[in-house]
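Enquirer: Checked Swiss-Prot, it gives:
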- SER168: active site (ACT_SITE)
- TYR181: active site (ACT_SITE)
- LYS185: active site (ACT_SITE)
- LEU32, ASP51, ASP82, ILE83, ASN108, SER168, TYR181, LYS185, THR215: NAD(+) binding site (BINDING)
Amino acid sequence: MKLTESNRSPRTTNTTDLSGKVAVVTGAAAGLGRAEALGLARLGATVVVNDVASALDASDVVDEIGAAAADAGAKAVAVAGDISQRATADELLASAVGLGGLDIVVNNAGITRDRMLFNMSDEEWDAVIAVHLRGHFLLTRNAAAYWRDKAKDAEGGSVFGRLVNTSSEAGLVGPVGQANYAAAKAGITALTLSAARALGRYGVCANVICPRARTAMTADVFGAAPDVEAGQIDPLSPQHVVSLVQFLASPAAAEVNGQVFIVYGPQVTLVSPPHMERRFSADGTSWDPTELTATLRDYFAGRDPEQSFSATDLMRQ
């Protein structure tokens, strides 16, 4: 159904103005997080930028926000710390509240420790799960508790809250050599869907982005940026992702909750949930093991052996 003025929800607006809003962006010293922080600031948001201390020390993101977004009244505050530590998540929330309140969270921080599964160490597994999944959880939980408490005193029990969590197509596909990364990203998607269902009643919108972006973390995957003609943009430029994040963080996204988006160049793909391929029903009240074995064996004997739950078709589009 096409939205018109007569059927548009009262919560729906076209505005992406973030003046007066406070956002937290993790992994914001460089790459995608830096671009997202700048993008939100250009819309008027005050941004709490987070990264590890060494990355922030080498970053110009705070100065860049000050220079690029001064006309919008935005500013940036840096909070150094490991996002996998609860103390960092607590400090990020406290900083946002000190600036007027937490409105937007963009969880972006991440690392890779690629290795074939049979060679992967405990440390390589734990490090990736800690930064990606635990890091997302800690700040998401803090934001959820803050918004829920705030909603108790709000008119109509609703507040403005936007949660944008960064997953990956790896979590839908399961790439060889990235068992840790894929597991963490799949977990982030599930975490966000749970948050969306829990927080939607309070007016909070929680969504997932799966970006294809050329950053330092993905350099080994995507390589160096190509030469582009004047006026053109690299298909893997983080700026493509920023446009979607600006929307999802804004009042205009009030009706968007619990969704998964893939961003690649000028294309934004909305991903549908898994569908049922086939249901196998017993003739009686339960399956006889021999009959179930024969039924499943015969079905898979005529099926493409390369077809699995892995969403490989998404990678080809």
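Cβ atoms are placed via backbone N, Cα and C, with glycine included.
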Enquirer: I'd like the number of other C-beta atoms within 10 A of the C-beta of SER168 (active site), please.
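Expert: Taking every protein chain into account, the count is 25.
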Enquirer: Whole-number Å only: compute the distance from the Cα of TYR181 (active site) to the Cα of SER168 (active site).
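Expert: Answer for this pair: 9 Å between alpha carbons.
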Enquirer: Sort the recorded positions LEU32, ASP82, ASN108, LYS185 by C-alpha distance from SER168 (active site) and give me just the closest.
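Expert: So, of the listed recorded positions, the one sitting closest to SER168 (active site) is LYS185.
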Enquirer: Return the residues near LYS185 (active site), defined as same-chain residues 6+ apart in sequence whose C-beta is under 8 angstroms from its C-beta, sorted by sequence, else 'none'.
Expert: HIS132, SER167, SER168, ALA170, GLY171, CYS210
Enquirer: Any idea which of the binding-site residues LEU32, ASP82, ASN108 has the thinnest Cβ neighbourhood at 10 Å?
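Expert: Checked LEU32, ASP82, ASN108; of these binding-site residues, fewest Cβ neighbours within 10 Å: ASP82.
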Enquirer: Starting from the Cβ of TYR181 (active site), draw a 10 Å sphere and report how many other Cβ atoms land inside it.
Expert: 25
